[in-house]
Amino acid sequence: MLKREMNIASYDPELWQAMEQEVVRQEEHIELIASENYTSPRVMQAQGSQLTNKYAEGYPGKRYYGGCEYVDVVEQLAIDRAKALFGADYANVQPHSGSQANAAVYMALLQPGDTILGMNLAHGGHLTHGSPVNFSGKLYNVVPYGIDESGKIDYDDIAAQAEKHQPKMIIGGFSAYSGVVDWAKMREIADSIGAYLFVDMAHVAGLIAAGVYPNPVPHAHIVTTTTHKTLAGPRGGLILAKGGDEELYKKLNSSVFPGCQGGPLMHVIAGKAVALKEAMEPEFKAYQHQVADNAKAMVEVFLARGYKVVSGSTENHLFLLDLVDKNITGKDADAALGRANITVNKNSVPNDPKSPFVTSGVRIGTPAITRRGFKQAEARELAGWMCDVLDNINDEVTIEMIKQKVLAICAKYPVYA
């Protein structure tokens, strides 16, 4: 018999110590990785529930196992909330991750060797949009598009590449682009050659849910997202569509299960359901507006301090610092800021002279600091501290001084009060 008082702390102290140290790290470090966020205790309650015990291959009302009457309710809640939140008429909440959601879309609609047009990883795209080191770049013939001299997506280039190469699918979405994407323009280009428009909105899903960023669902044939990042839910994936194409929906469902996955993670789907409900609250809209405002505030400080921001602005939750002119590598910037308890990630910039393991840039995002309660004043102060570190990247006295300021503001704005 299992007893509810069983715990990790007494049974596996080695593991528990690492878990507790991670709690301390999150509380005492400022998190600026654009893809990271803090999920609510309600989501964690769902993920730690007995739903983890239940196998439920299939879909609500059409399972291959018995005993699914209650997990059917859980999954249907998640489906209905996803559709309502994003204005879709189809939702699949089973993908274990954004990458698996993308894989399911490709497998549903493409054959190996088909041509796809996706954003160049070096210009802000994502691994699953055709990077040669990813399955998407190995299975399909990839034609990349990128940004122009101003740092904005070059739609004329997309149109020209589409006309020349006749891809079966055009992919919209990004992992490091700070502008607004014209989804209607991308659909127009896709329609001009009879291609699917597939949008991966993983990074901006929370902003879209709150009306802060344009919604691709009315324009794209298929949309995927993660459920974490700006959406602030559990780690997982989601597929959406609109337009009433039941054959497309059947293909997508079959591609997820049994095509790419077996049993769904019902405890995670419960977490998704909770997060989707939270995303419908007025407080969530206010949070997303603050995320965007904080990013703009940080950009203003970096520009005023003489740092180059790719495209010179941000229209979402993230931006890229280009450190080429400062003769600082992304790797060194990442490490120095880390010593000050400020967590970022090194990131390639357009036409980067350094390798992806070194890079010449840093990606910065504001979802996590905003979740702590930071507003523009704190965001500006933080950006100033980061400039102080980067201006004195080999001065450990300065870095330690900034670290103490970081510890103080983290204590003032705890992640979990």
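Backbone N, Cα and C atoms are what each Cβ position is placed from, and that goes for glycine too.
Quick look at what Swiss-Prot lists:
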BINDING   LEU121, GLY125, HIS126, LEU127, SER355, PRO356, PHE357  (6S)-5,6,7,8-tetrahydrofolate binding site
MOD_RES   LYS229  N6-(pyridoxal phosphate)lysine
SITE      HIS228  site 'Plays an important role in substrate specificity'
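Positions of the features from Swiss-Prot, shown on the structure.
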residue: LEU121; record: (6S)-5,6,7,8-tetrahydrofolate binding site; DSSP class: helix
residue: HIS126; record: (6S)-5,6,7,8-tetrahydrofolate binding site; DSSP class: coil
residue: HIS228; record: site 'Plays an important role in substrate specificity'; DSSP class: coil
residue: SER355; record: (6S)-5,6,7,8-tetrahydrofolate binding site; DSSP class: coil
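The number of other Cβ atoms within 10 Å of the Cβ belonging to GLY125 ((6S)-5,6,7,8-tetrahydrofolate binding site), over all protein chains shown, comes to 24. Cβ neighbours within 10 Å of HIS126 ((6S)-5,6,7,8-tetrahydrofolate binding site), excluding its own Cβ and spanning all shown chains: 24. For the pair the residue listed as 'N6-(pyridoxal phosphate)lysine' and HIS126 ((6S)-5,6,7,8-tetrahydrofolate binding site), the C-alpha distance works out to 14 angstrom. With respect to their backbone Cα atoms, HIS126 ((6S)-5,6,7,8-tetrahydrofolate binding site) and HIS228 (site 'Plays an important role in substrate specificity') stand 16 Å from each other. Within 10 Å of its Cβ, the residue among the binding-site residues LEU121, LEU127 with the fewest other Cβ atoms is LEU127. LEU121 ((6S)-5,6,7,8-tetrahydrofolate binding site) sits 21 Å from HIS228 (site 'Plays an important role in substrate specificity'), taking the CA atoms of both as reference points. In this structure the C-alpha atoms belonging to PRO356 ((6S)-5,6,7,8-tetrahydrofolate binding site) and HIS228 (site 'Plays an important role in substrate specificity') are separated by 25 Å.
Neighbours of HIS228 (site 'Plays an important role in substrate specificity'), defined as other CB atoms within 10 A of its CB across all chains, total 27. Of all Cβ atoms in the protein chains displayed, 10 besides its own lie within 10 Å of the Cβ of PHE357 ((6S)-5,6,7,8-tetrahydrofolate binding site).
Across the structure, PHE357 ((6S)-5,6,7,8-tetrahydrofolate binding site) and HIS228 (site 'Plays an important role in substrate specificity') are spaced 25 Å apart at their Cα atoms. When the Cα atoms are compared, SER355 ((6S)-5,6,7,8-tetrahydrofolate binding site) and HIS228 (site 'Plays an important role in substrate specificity') turn out to be 28 Å apart.
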